[in-house]
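The feature active site, proton acceptor is assigned by Swiss-Prot to His291. Per Swiss-Prot, 2-oxocarboxylate binding site is recorded for Tyr45, Tyr153, Arg188, Arg294. What Swiss-Prot records for Pro98, Ile99, Gly100, Ser129, Gln151, Thr179, Lys267, Asp321, Ser322, Gly323, Ile324, Arg325, Arg345 is FMN binding site. Marked as domain 'FMN hydroxy acid dehydrogenase' by Swiss-Prot on the basis of sequence analysis: 19-394.
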Amino acid sequence: MSNWGDYENEIYGQGLVGVAPTLPMSYADWEAHAQQALPPGVLSYVAGGSGDEHTQRANVEAFKHWGLMPRMLMAATERDLSVELWGKTWAAPMFFAPIGVIALCAQDGHGDAASAQASARTGVPYITSTLAVSSLEDIRKHAGDTPAYFQLYYPEDRDLAESFIRRAEEAGYDGLVITLDTWIFGWRPRDLTISNFPFLRGLCLTNYVTDPVFQKKFKAHSGVEAEGLRDNPRLAADFWHGLFGHSVTWEDIDWVRSITKMPVILKGIQHPDDARRAVDSGVDGIYCSNHGGRQANGGLPALDCLPEVVKASGDTPVLFDSGIRTGADVVKALAMGASAVGIGRPYAWGAALGGSKGIEHVARSLLAEADLIMAVDGYRNLKELTIDALRPTR
């Protein structure tokens, strides 16, 4: 049996034959190097948060308020980090969270395909965004046998929503993640300062311009055939923007649940009452997240919301993201009750540094650190990693 921590031995072994790492090993260095590699507009979009970015910073700081209590003499030579979710075996309790501009983070402009390829090689599941350069069908092919999930920005037009859902089903996605907190754009000073919003420029809209329902409605609206969508991305962007502004309701979730057998996961849940109602409505998963502090400033760190959301969700799996920067953060979120933990900015920086290989390196580095922490601290599997393993440091 191999452990994720073996990546450490691989790196040291290469050093013995004179091969030094070409990619940095820590979040701070990933970010610093990526800042030199990315265009200003992409960098501001990925790095920025809402308002004065207090919530974004608080997401990260929250992890420092908890420490893992070590247990000795536990025979943790081998660790099992696999997890069963929605009928699929995940090789690790970590996933690539959806990022709308991940395509633009890679030097070749195809970071979404690169993410799926890294997913296939590592076994770390990928949640692909509706906003992508590659089509959702192509991205699913790149992910291979690794579980993959489609994230939906729910449009106000149900015909279009159903079209996306049917396409995801036919492409072989293993579940549907509905984002709840991005029906309107948060106040993001970094982007506003340079008047930059990539999607209004027609970027990352491939899933829309290739969709038959979108094409039909666009033609009825403008008289332009589908070919015109590809030739004039600004026209497509204007029409796309008009589809936003619909705040997702419980009735919408009931409707989605009625038309698909795919597992349905709700992203953006932070209040325990919302988690309870979601479970009662029949959804298959809860995704505790505050969008990395990108949508609403002045809120709680997502980690502070996690324990109550987990408790309210009962046996329903709970995914988590927001503020993950290290393998230690991954371990702490799992101990707080997350079924699996999503990374966002770390793999965006990886895409900037080395495309698919950079993303793979980031994932393997985080999982190696998490695995080695569990080894040193005496936790052999995820069942042993509970909230009782944590102590407050403040």
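Glycine too: its Cβ is placed from the backbone N, Cα and C atoms.
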**Request:** Other Cβ atoms within 10 Å is the metric here; tell me which of the binding-site residues Pro98, Gly100 scores highest.
**Result:** Pro98
**Message:** Measuring Cα to Cα, how far is Ile324 (FMN binding site) from Tyr45 (2-oxocarboxylate binding site) in Å?
**Reply:** 18
**Asked** 2-oxocarboxylate site residues Tyr45, Tyr153, Arg188, Arg294: biggest Cα-Cα distance, Å?
**Response** 19
**Prompt:** Quick one: Cα separation, Arg294 (2-oxocarboxylate binding site) versus Gly100 (FMN binding site), in Å?
**Reply:** 12
**Message:** Assuming the binding residues for FMN are exactly those in the record, Pro98, Ile99, Gly100, Ser129, Gln151, Thr179, Lys267, Asp321, Ser322, Gly323, Ile324, Arg325, Arg345, what is the maximum CA-CA distance in angstrom, rounded?
**Reply:** 22
**Asked** Tell me, by DSSP, whether Arg294 (2-oxocarboxylate binding site) is helix, strand or coil?
**Response** coil
**Request:** Whole-number Å only: compute the distance from the Cα of Lys267 (FMN binding site) to the Cα of Arg188 (2-oxocarboxylate binding site).
**Result:** 20
**Complete:** Of the binding-site residues listed (Gln151, Ser322), the greatest number of other CB atoms within 10 A surrounds the CB of Ser322
